[in-house]
Amino acid sequence: MGAKPFLVAFFLSSVLLPLAFSTSNDGLVRIGLKKMKFDENNRLAARLESKEALKASIRKYNFRDNLGSSEDTDIVALKNYMDAQYFGEIGEFIEATREPSVTFLVAKFDGILGLGFREISVGNAVPVWYNMVKQGLVKEPVFSFWLNRNTGEEKGGEIVFGGVDPNHFRGKHTYVPVTRKGYWQFDMGDVLIGGEATGYCKGGCSAIADSGTSLLAGPTTVITMINHAIGASGVVSQQCKAVVQQYGQTIMDMLLTEAHPKKVCSQVGLCTFDGTRGISMDIESVVDEKAGKSAGLHDAMCSACEMAVVWMQNQLRQNQTQEHILNYVNELCERLPSPMGQSAVDCGKLSGMPSVSFTIGGKTFDLSPEEYILKVGEGPAAQCISGFTALDIPPPRGPLWILGDVFMGRYHTVFDYGKLRVGFAEAA
């Protein structure tokens, strides 16, 4: 059985981060997390994966048709091109023969190494982490995450098996017990916006720490309050209104001069083709790898233009005034739903946004606007995306908060398998 090189992603729920291994003589296995250029496809993959994983956790699922025989066994050396770290023998290996998720289609990794509990393991397979502990390959039954949010540095972070790296946190960790095996789930207190309690979690809420979720997800009720407080609006809604403001009159003038409706958007420079693209609410697009740029923003503006043309045509047929038509189209823009629950904010207003805080173990963990707002792109085409997304998980699993990379980037996170607890401390 030969060694097989893999590019692996770690998931606490089953980190979309490529990795490189290093060994040390202190009993810790350190794995450096490499940064990858943030693009629309990566964001789509991360968001879809997190939602699919959560859906899988709240339903009984049968993957027999998607999985090969679990009788295949092998010793798999997880390695990059420079060095390798032996993780022990994998007694059971679940082989996926079909990968229906878009995650696997666009993500840049070869496999997933789940770090959740065996209770959610497909086919009740023994997780690699369990074998590492059982075979005495780690100093302590603990692993920890540090995600580097310094955009000027190449290193994306580090996962440590067997303990914690003291260089990656300040002060002491606040620990809370795992309340339900499966995901790393624990109890959380109230959520505060600008220091004011929302009251939603006054009686307590459940939460999980999950590096496989890019954003911070929670019940729609509170996420709506947060996004309202930070001035967030739907990504599609915002782009639609921008098109109406900048090109609305031009589009209407062209329609009044009987220009071909399908050619209007290409003639004003918002679409590449003449009506062949079709109206779409999907702002996620294929990345042009050669150019290294995403076409997502351009596609969104094109979609907004195509919708505006249809709406204006309808109103012109009713002999409405130009002022009425522009106001009507603007109102329709306001009502457009956001794909995947995304919301955008004004990049120039971060300094006036409130902090958002989470109460864990009796301590308040704050996130500043610079920490919960994600900037995509540069210059005039830059977008600032809210790091909060609505995700409603029904009982008995929910309601549930998911503290993803937005939270774990600010707070170094320890997963203590031996004592069944999760700890948070300020990342260094």
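Heads up, the Cβ atoms here are built off N, Cα and C, so glycines get one too.
As annotated by TrEMBL, domain 'Peptidase A1' applies to 1-425.
The feature domain 'Saposin B-type' is assigned by TrEMBL to 235-275 (among others). Panel annotation: around the domain 'Saposin B-type' (235-275), residues 281, 283, 297-298, 300-310, 312-313, 316, 322, 325-326, 329-330, 332-339, 342-344, 383, 385 of the same chain, lying at least six beyond its termini, place a Cβ under 8 Å from a Cβ of the stretch.
The helix, strand and coil residue counts that DSSP assigns across the domain 'Saposin B-type' (298-339) are 34 helix, 0 strand, 8 coil. Sequence annotations record features per position, and here TrEMBL assigns domain 'Saposin B-type' to 298-339 (among others).
According to TrEMBL, the signal peptide annotation covers 1-22.
Computed over the domain 'Saposin B-type' (235-275), the whole-number mean pLDDT of the model equals 88.
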